[in-house]
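What TrEMBL says about this one:
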- A:17-221: domain 'Class II aldolase/adducin N-terminal' (DOMAIN)
- A:Cys91: substrate binding site (BINDING)
- A:His109, A:His111, A:His194: Zn(2+) binding site (BINDING)
- A:Glu132: active site, proton donor/acceptor (ACT_SITE)
There are 4 protein chains.
Amino acid sequence: MMQDHLVVSDDSNHPANMVCSLSRQFYEKEWCVGTGGSIAIRDEETGFCYLAPSGVQKELLKPQDLFVLDGNSKEQDVYLRKPAGLKLSDCTPIFQMLFQNFNAGAIIHTHSPNAVLTSLLYDDVFEISHIEQIKALPSERVNAETGKPVNLLFEDTLKIPIIDNQNFEYELTDGLQEMCQKWPHGCAVLVRRHGIFVWGPSITKAKIYNESIDYLLGLAIKMHQLGIPTVKKN
Amino acid sequence: MMQDHLVVSDDSNHPANMVCSLSRQFYEKEWCVGTGGSIAIRDEETGFCYLAPSGVQKELLKPQDLFVLDGNSKEQDVYLRKPAGLKLSDCTPIFQMLFQNFNAGAIIHTHSPNAVLTSLLYDDVFEISHIEQIKALPSERVNAETGKPVNLLFEDTLKIPIIDNQNFEYELTDGLQEMCQKWPHGCAVLVRRHGIFVWGPSITKAKIYNESIDYLLGLAIKMHQLGIPTVKKN
Amino acid sequence: MMQDHLVVSDDSNHPANMVCSLSRQFYEKEWCVGTGGSIAIRDEETGFCYLAPSGVQKELLKPQDLFVLDGNSKEQDVYLRKPAGLKLSDCTPIFQMLFQNFNAGAIIHTHSPNAVLTSLLYDDVFEISHIEQIKALPSERVNAETGKPVNLLFEDTLKIPIIDNQNFEYELTDGLQEMCQKWPHGCAVLVRRHGIFVWGPSITKAKIYNESIDYLLGLAIKMHQLGIPTVKKN
Amino acid sequence: MMQDHLVVSDDSNHPANMVCSLSRQFYEKEWCVGTGGSIAIRDEETGFCYLAPSGVQKELLKPQDLFVLDGNSKEQDVYLRKPAGLKLSDCTPIFQMLFQNFNAGAIIHTHSPNAVLTSLLYDDVFEISHIEQIKALPSERVNAETGKPVNLLFEDTLKIPIIDNQNFEYELTDGLQEMCQKWPHGCAVLVRRHGIFVWGPSITKAKIYNESIDYLLGLAIKMHQLGIPTVKKN
């Protein structure tokens, strides 16, 4: 069941190519070293989900290494493609939950050092306000016409919930789902002493959210070191 | 109105190519992540202004994504080229003001973390003196013969005004203009909790100013952490 | 005795090519600047050992610069290939000891700044617990069936012994051997004020261990600066 | 007087190519931003000296931009090649002094932030001991047979003198010469609030010295922040 045609494409924007090129880029940022981290993309047109395997050096990922799951099926585990000799990511139940219940088009999971450090500086929620870059992230408000979330304003406060880590990644699924229900327009959850999950309606949005959040987490750590609160009192 | 001939060129120094290659370079420096930041160049020969669009991943920018504005026209908004499906940068009024009133040949806007952090450590003006790199930046003095500003000396003090951020970038136009009038030979304004605008008579000069300033801001933050004042008393 | 066929191959996974490409990558990370650091790989199939020479810029290493040692021989110094004009690494006795006595398939030695700084913050053992990335590293436990070490769990504590530096690298051999006997399933030893040795059953494993450890050392230094202990009390 | 044949070569080790490739590399390290820094190489065979011009973006340097000076001439300023429209580096008198009086084969001048910060943390001399990387640098001792300096041992102390900056780079010549006379086997002088000059018998040695020193300066700053003295009492 190799089904290579599902993952081999000349188009650099094909989900299989995007998983690989972004994994390489994230490795360079030290977000995915030592086989850590994972990316999953649901193709909007076909509903097929492309998943990185477990325990593989992310900077060396090839399209042929990817699992493809039928995202249209009601059943959880209908695989259209299973690469020989590779294991599914432990994050797969989390990815499926986000695809099915929260309309995610793509999910990025990293071990970003900024995420790990921030999770040690805040209790239940990371908060930052009055920084221009938060305008790249969705708010809890929706556009009256489209029903889609609008982005944060400069004076808003970005909030990202933090959940405690578990021994196995699949054990994080319930905790993440609970946070998604509590923050229905959120796009990220920090996992204490572990890293972060970021998602969006498309891989482009998820990537923009992820790098904007990492920029803000890095800034927050430096503000902490300089004694500057990350939420500004008006 | 695609007018591709205005932006397609084999010359790597063509303004449209420079906007794209520098955007990629600035993304790598984490100055323009999450679609942030923007570059605008006025072609000295033709007077045409090349503007990056809004909300686009800056590292993926292509010449075909650029707006071209007729910088020779007295009217503000004569577009020679509008790429389909893209929006003008919110910074456009700022770019136009700097092109028209202050003879800028190019403007660089970034969300540099060093700029954001510095804007939190200083009140109205960032100041640094007695660092060799300030010699890459223009002073308030002009050459008696040419009337052009001469660069700072080692013992001079570089001053960059800081203005407060607004909810929308176009709302920064007046504040920036005021600072340009107060510092007629300046080349930069910091925007608190947002980033920086840097300009110069050409894109080469603007790039040299921008990277020299970022080097100095980075140094200033570390000097602050080490308890060393950035302005040396003689 | 050039024996170029031992080191020239089109296969990017050939040990000679891996030593060179990883050396280049490690130079970029500032782990191997100024000719520092070294990589050695034992080819599982042939038993031949590929060793980087001494005093050479690691980012410029070519396959033709490598020594090849017969790892099948009972005698210590049976060289199948000695490149003209180059010297063996001072680490060679350490590499041989790890190949012969501890079944190493590959060894990475770097002057990582994170390793040097950590060796100044801890006495005899570096310890960190409750960080997801430690799951990429082997524990002291073995799989009952295979007898191979299993990886650490999130709640485990990673321990890396620290030995004092000596004037010459070969003088570190006994100290390293002692630590390997004490921690038979360990994969790394820190050398105070010097750097780190990391090994594994293959170069892929050694690389994954090395970059995971460096990630953890970097995190530990920042946790130290933020006043957060690296071992969490339950 | 273009004399392009002096600078155009297919050999990546040709001095003109080395000046350009290293300038690009140093720019990436933030050692030569905003046109700062300079490299000069004396070809051992011909005695010709290759000098980078002033005020040029170092990452864009082309062989055709280089000045070539006849290093065999007793007179100071015999130029074999002067590129049209470019100015000699202000460092030229320093380079000539080091070539003529101290047998330098190559000189590297950078505005390394680590050099600037270190020059603010130490008075007259930067000192560090008991760090493995200092073994990449020459000591004050010479080999009894060859008369050439031998490298530092682990337990030695690396000392780099610091001189005060002047308004113009050529004014540093006397201060640098004085330090070279005082430390005849030294390979570097720090210039306070400015950067560093590093030299060696060849460009390879100078590059190795420069990057080893920068590694040590970076380490020293972090040791300072962690409260660890850079010279270890035995």
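In case you wondered, yes, glycine gets a Cβ from its N, Cα and C as well.
When the Cα atoms are compared, A:Cys91 (substrate binding site) and A:His111 (Zn(2+) binding site) turn out to be 13 Å apart. Applying an under-8 Å Cβ distance to chain C, the recorded positions A:Cys91, A:His109, A:His111, A:Glu132, A:His194 reduce to A:His111, A:His194. Averaged across the domain 'Class II aldolase/adducin N-terminal' (A:17-221), the predicted model reaches a pLDDT of 96. DSSP assigns A:His194 (Zn(2+) binding site) to coil in the three-state reduction, placing it in neither a helix nor a strand. Here A:His109 (Zn(2+) binding site) is positioned 24 angstrom away from A:Glu132 (active site, proton donor/acceptor), judged by their C-alpha atoms. Contact annotation for chain B: of the listed recorded positions (A:Cys91, A:His109, A:His111, A:Glu132), A:Glu132 place their CB atoms under 8 A from a CB atom of that chain. Annotation for A:His109 (Zn(2+) binding site): spatial neighbours A:Gly37, A:Ser38, A:Ile39, A:Cys91, A:Ile94, A:Gly195, A:Ile196, A:Phe197, A:Val198, criterion Cβ-Cβ under 8 Å with sequence separation of six or more.
Here A:His194 (Zn(2+) binding site) comes close to A:His111, A:Ala115, A:Val116, A:Ser119, A:Asn165: these same-chain residues lie at least six apart in sequence, with C-beta atoms under 8 angstroms from its C-beta.
A:Glu132 (active site, proton donor/acceptor) carries a helical DSSP state (H, G or I).
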